[in-house]
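Q: Please find one structure pasted underneath; my questions will follow.
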Amino acid sequence: MRVKVLSRNPDDYVRDTKLDLQRVPRNYDPALHPFEVAREYTRALNATKLERVFAKPFLSSLDGHRDGVNCMAKHPKSLSTVLSGACDGEVKIWNLTKRQCIRTIQAHEGFVRGMCARFCGTSFFTVGDDKTVKQWKMEGPEYGEEEEPIHTILGKTVYTGIDHHWKEPVFATCGHQVDIWDEQRTSPKCSLTWGFDSISSVKFNPIETYLLGSCASDRNIVLYDMRKSTPLKKVILNMRTNTLCWNPMEAFVFTAANEDYNLYTFDMRFLESPVMVHMDHVSAVLDVDYSPTGKEFVSASFDKSIRIFPVDKGHSREVYHTKRMQHIITVKWTSDNKYILCGSDEMNIRLWKANASEKLGVLAPREKAAMNYNQKLKEKFQFHPQIRRIAQHRHLPKSIYCQIKEQRIMREARRRKELNRRKHSKPGSVPLVPERKKHIVAVVK
């Protein structure tokens, strides 16, 4: 004989403590909840509105420099340490948790053109207008000791950038050519050149560590292999590229910041056309840095704003600006993926949240669950017109707003002109050039 018995497990309905909420047994059958989607839509709308209400990305301003901030470097081992170099030759080391300067060095005569930390975090390198490369200890001098560099290399020309190898005691500088240096030697172990113009920046690949990329002022992006003493290939764009940054998760992908207001993400194996053209800035893009996840990057522009782009999207998801912030020269994304640092003309370094509405500090388990639930709801309803409008709306300074409007009109006029030319020409005489290929002049191998 079969007897049906009600079986109830106390774990399903008994509270752990008397402070917890009462657990209510629920039947998740959709037939019993006909208004669930409508309810979820309302929750998603409220979550989107609250996200915009709590979007307060600016955290603090680190002031202390007496001239514009020209370059920055992250400490490879310490999240709270960041280095900055100014246009008066001064280098400062900052503690981000205390938000104060812990050490100041008068490193160079004239601009500090570039700086980078050694992979082990014990020292860092700077280059300046005085034609020198200097290596400094990360720790300050002992009581009574002079502030002196460990090594000084005097070059023949001004160096405009420097980057350190990710695993070996090797660094690269750029100026009239790209020089590869061994830390123990005072002359470069190899010099790489292709063309005659000055090179503005050089970057080592973090994954395939023997690869380098450089940007020259004759509109070239040149790729080098350290194992060979010759360059690999170069791509020539319509306008000059200011700097590039390698994706820390994808070995062959890099993003270049260009003078024509755009950023270009390339796969180095297929340089004939960029993977994505990122358009939103209204002035020259001066710097770019990837997040440690490789999913997003941040760009700094001459239009006094910084923007966060997803790697696979053509438009930015976030734009940061303040009334006082001037042209932004340098930008960095911290290694814990939470903060963004930018250095600008008016002598300040600003600290921003990477996710504008994120709540800082320790979250309770229920807060985390609610946050994850809201995030999923926003993703589910992200294409609904009202939610999309609220999520995408940003207040912009009047100058940027007017320039975006103007550029939209100009772009539309160019498109209309091209359509008319194609309509009134012989079929096939006006070729259809995709947006991605418009900006590439040639690829030389």
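Using the three backbone atoms N, Cα and C, a Cβ is placed for every residue, glycine included.
Note that the structure is predicted; figures quoted are calculated from it, not measured.
Copied straight from TrEMBL:
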{"type": "REPEAT", "residues": "62-104", "note": "repeat 'WD'"}
{"type": "REPEAT", "residues": "278-319", "note": "repeat 'WD'"}
{"type": "REPEAT", "residues": "321-362", "note": "repeat 'WD'"}
{"type": "DOMAIN", "residues": "354-440", "note": "domain 'Sof1-like protein'"}
Q: Six or more residues out from either end of the repeat 'WD' (321-362), which same-chain residues have a Cβ under 8 Å from its Cβ atoms?
A: 50-52, 54-63, 65-74, 76, 79, 82, 84, 86, 94, 96, 99, 286-293, 296-302, 304-306, 308, 371, 396-397, 400
Q: What does DSSP give as the helix, strand and coil breakdown of the domain 'Sof1-like protein' (354-440)?
A: 54 helix, 1 strand, 32 coil
Q: Could you break down the residues of the repeat 'WD' (62-104) into DSSP helix, strand and coil, giving a count for each?
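A: Going by DSSP assignments, the repeat 'WD' (62-104) contains 0 helix, 25 strand, 18 coil.
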